[in-house]
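Take a look at the structure below.
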């Protein structure tokens with residue numbers, strides 16, 4: 001089983017030809033309202049890849065709460081430890097340009113009230129995994145990692161969005177997943193220099209944990225428990241890249257949870273990330289295991 005501790009948002013997405021300059025107002029296309037949040041996205045991504053998933057999070061008492069959880073509920077993610085708190089649900093204001101790139105402003109709302117105490121009666125142990133991100137309290141995230149370590153779970157930290165974290169928190173992590181910008185920031189704070197592959201190898205050795213970096217259209221690379229893996233990526237014409245990173249994380253962890261080799265996990269993560277770029281909205285774009293398998297089979301024939 002995979003336990004995901006993190007955020008759930010409503011995404012308000014507007015498409016524009018280009019991003020506005022400071023102080024500039026530009027016209028956009030009709031906006032889309034969709035469920036999102038890194039925690040919820042990764043939970044749904046892992047579930048659609050066939051994993052059993054429990055999500056720990058919080059929603060508000062506003063009209064967005066049911067919509068925020070709708071996809072998770074429909075796909076069978078365990079939601080009995082999602083709490084409702086007075087106030088608004090988390091919201092992400094997302095602008096997507098003509099190339100499919102995005103800019104995001106987060107308003108945490110109920111995500112500020114996610115507590116690790118909700119994990120206390122979760123039945124999980126060795127062979128199971130915990131995924132955490134950077135969108136909820138780092139204090140509560142550290143408590144969640146302590147809980148998971150005490151029960152023998154594999155602990156995955158997607159450091160997104162990038163933010164300073166303590167050495168103690170990193171000591172509780174088995175696998176760190178970052179994108180290129182997040183890798184640059186971690187490397188800078190750690191005094192590590194060089195190309196991406198050198199930085200990944202050095203950080204893995206220095207921090208004593210697995211490191212996975214997603215490279216956008218160039219795929220991903222990983223260094224975990226002395227093993228290295230690289231996927232060159234799959235070319236697609238992106239519509240919206242908002243959910244790509246979360247699709248990778250969910251699919252990658254689901255593959256490891258199923259006992260698959262590191263190189264296969266990275267490849268499935270890259271395929272899921274590529275497919276997630278083909279539709280607008282984070283959760284509507286997350287692919288199923290059947291879609292990922294069909295996509296990879298097609299790549300073998302090219």
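Using the three backbone atoms N, Cα and C, a Cβ is placed for every residue, glycine included.
The active site, proton acceptor annotation in TrEMBL covers 246. Within the same chain, the residues at least 6 positions away from residue 246 (active site, proton acceptor) whose Cβ sits under 8 Å from its Cβ are 38, 41, 42, 45, 276, 282, 286, listed in sequence order.
Classification of residue 246 (active site, proton acceptor) by DSSP places it within a helix. Per TrEMBL, the feature substrate binding site maps to 9, 10, 11, 37, 38, 39, 40, 41, 135, 246.
Among the features that TrEMBL reports, ATP binding site is placed at 179, 214, 215, 216, 217, 218, 219, 245, 246. Of all the Cβ atoms in the protein chains shown, 21 others lie within 10 Å of the Cβ of residue 179 (ATP binding site).
Taken from TrEMBL, the feature K(+) binding site covers 240, 242, 276, 279, 281, 285. According to DSSP, residue 281 (K(+) binding site) is assigned to coil rather than to any helix or strand.
Feature annotation from TrEMBL assigns domain 'Carbohydrate kinase PfkB' to 2-289.
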Check: same-chain CB within 8 A of K(+) site center, minus 240, 242, 276, 279, 281, 285: 239, 241, 243, 244, 277, 278, 280, 282, 283, 284, 286
Local Cβ density at residue 217 (ATP binding site) - other Cβ atoms counted within 10 Å: 16
Average pLDDT across the domain 'Carbohydrate kinase PfkB' (2-289), rounded to a whole number: 95
Under 8 Å by Cβ from residue 11 (substrate binding site), counting only residues of that chain that are 6 or more apart: 32, 33, 34, 35, 36, 91, 92, 94, 242, 281, 282
Binding residues 9, 10, 11, 37, 38, 39, 40, 41, 135, 246 (substrate) - maximum C-alpha distance in whole Å: 15
